[in-house]
Amino acid sequence: MAAKPSSLLIFQPRLNLRLKPFIFSSSSLAFSIILRIPFPKASFFGNRKFHSSLSAVSSAQSTGDGGNGGGRSGALSPTLVTEELQKIDVNPPKGTRDFPPEDMRLRNWLFNNFREVSRVYGFEEVDFPVLESEALFIRKAGEEIRDQLYCFEDRGNRRVALRPELTPSLARLVIQKGKSLSLPLKWFAIGQCWRYERMTRGRRREHYQWNMDIIGVPEVTAEAELLSSIVAFFKRIGLTAADVGFKVSSRKVLQEVLKCYGIPENMFGKVCIIIDKIEKIPLDEMKKELKVVGVSEDAIEEMLQVLSVKSLTKLEEILGGGGEAMSDLKQLFSLAEKFGYSDWIQFDASIVRGLAYYTGIVFEGFDRGGKLRAICGGGRYDRLLSTFGGDDLPACGFGFGDAVIVELLKEKKLLPELNVEVENIVCALDPDLQGAASRVATILRGKGQTVDLVLENKPLKWVFKRATRINAQRLILVGSSEWQRGMVGVKDLSSGEQREVKLDELN
């Protein structure tokens, strides 16, 4: 028996002389003919005549007599009626996404940055069920989110919903844990959320959201810490204060205005939801909605005047300097200077946030180009726990979606190039050595290295192309003569250096 060639020979120019093309003979082509047997129009696999037809086909193929004891072999009788199958829609449901490998690499990169910022700020990761009780998300009548829920009744006759956000689930978990928790809590989560809403650029019906929350700290230092963490994230991914910023206000500003006009506190949430639409609907339409909920014309005009204010100095002229709203805002802007991000934030009284549970400082991240919707948003929600029957705790947090930030990075041409990278590609030069190649792959994987094992008997030209596509660092070839000596061929694909390495010295 002729000796098999050394694996190192494949690295030489004479490689092409050793690779023989596949030759197809006329006899091999005969086997490429496929016998197509159409399905009958009757229901699939549930029709006795259909089973009989298949039996007849089987009998004809095995006996060569057509299944009827005579006639020409291969003749099929009776003729089957065909029906074309309708192709399934291969697109994901409207508003949702697939994540093929290239998109998954980007998602992992983004999530890793979320996690790393959370880690360096001392936050611990938590998660919650995607499916929650519907009641968890229905807090106050008229809230926009009621009409955006993906909700249904399960087989146990329970009303459930896919979570549209993460904060209510966080509140539920805090109540569940009760006094066993040691405050303050600094928790973060990255979870999939669902909202049935009109889709625009950066807005989908499913998205992933990064949340950071601080429970148990009543001081504005908590909001300042959260804003600092988002700034740190922006810097990590290459954005500057010239690209993005934060609009900051306090719901207490609006509360002080409404108190002057005798607007009851139970109407405050409804008013905030309407005010949150200030950049989304015409001003006259917003005024009509405010009148419908019982706000007087004088109060509306006063609110609009206050909501147009863009500086703390001007706000202080209107409200005076003794209220909680001014005190909180002044402290926050002072802390921002100490943290070093004062050029990232600006006061904007029109920011109130649409969710009913916010009680104090609120903020939104925005792109300074004005092309995209809010990048992120959050604020203080000191009275959320009592909404679910728990004891209230001071709390604040933010939500940061994955869709808008990716659009912004595309706009700024800051998306990273994330190619697949594999340390080793391992190939057997002979089908009989596939087991040996598997052993080599197992050894390297046991040492924590990534290995793409060639699972089929492929020509070397194909192997080199695959190595290029997956950005492999090394090609390891298992040849007969080397394997008999306990060695393998190793080629460094960046330098071109090639050598033989003992199996027990392979690193």
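Cβ coordinates are placed from backbone N, Cα and C, and glycine is handled just like the others.
Any TrEMBL annotation is an automated prediction that lacks curation.
As the structure is a computational prediction, the values presented were derived from the model and not from experiment.
If you check TrEMBL, you get these features:
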DOMAIN    95-416  domain 'Aminoacyl-transfer RNA synthetases class-II family profile'
BINDING   E165, L166, T167, R195, Q209, D213, R353, Y357, Y358  L-histidine binding site
Least surrounded among the binding-site residues, given as E165, Q209, R353, Y358, when other CB atoms within 10 Å are counted: E165
Overall pLDDT of the domain 'Aminoacyl-transfer RNA synthetases class-II family profile' (95-416), taken as the mean: 90
Distance in Å spanning the most remote Cα pair of E165, L166, T167, R195, Q209, D213, R353, Y357, Y358, given for L-histidine: 21
